[in-house]
C-alpha cells in the first residue's frame, strides 16, 4: 500500500521535473534564437528544403502514398511563408492560422496512415495478397520527429510576437539622436522580438502567480520568493 503511494508520488514528481526541464530548455533556446536571428532563418529554410527532399525520396523508394506526400509538401510550403516576416509573426495572420491547421491535419493523416493495418476488401480472400510492411515504433517515431513535428516545433520556438518597448540607454547613445528622440523629447518605441515560447511560459507563470494569490500566497516575481 505504502509502496504504491510512493510510486504515485515519484511519478508525479518526475513529471513535474520533466515539465520544468522542457520549459527551461525552451526558454533558453528562445533567447538564443533571438540573438542569432539570421542564422536561424537560414537553418530553417534549409531544413524545410531537406525535409521536402526526404518526403520525395520516401515516395519514390519506400512507396509512400502520393496524395499524402503531396499534402505534406504543401504544408511545408505554408510553413515557409512564416519565414518571410521572420522572426516576427502575427498570431491572427492567415499564414500562422493556416500553419496551425496544417500541423494538426498533417499529424492526423500520417498517424492514420501508419495505424491502418486493415486489408482492403478486394484482397481479403486473395491468397496471393502481400500486406504492406508495418513500420516499427522507431521508424514511426523518427518519421514523426523529423518530417512532421520538427519544423512546426522549431517555428514555435523561433518565431516572435512583436512587442513595442522603449530603447535602452546604450541604444540611445549609439543611435542617432534624430532617430531615437522626437522633437518633444519623447523616446520612440522600437519593436522587440519576444519568442512565442517565452510568451507562453511567461503567461503560465503569471497565471500561477495569480492563482497563488487567490489562496493567500504572495510570490515576488523578482526573487521567486513565496510568502504567506
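A Cβ is built for glycine as well, from the same backbone N, Cα and C atoms used for every other residue.
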Would you say Swiss-Prot puts residue 23 and residue 212 in the same topological domain with respect to the membrane?
no
Please identify the range among 119-142, 143-166 that Swiss-Prot labels transmembrane segment.
143-166
Where Swiss-Prot places transmembrane segment among the ranges 2-22, 65-85:
2-22
Residues flagged as transmembrane segment in Swiss-Prot, choosing from 26-42, 43-59:
43-59
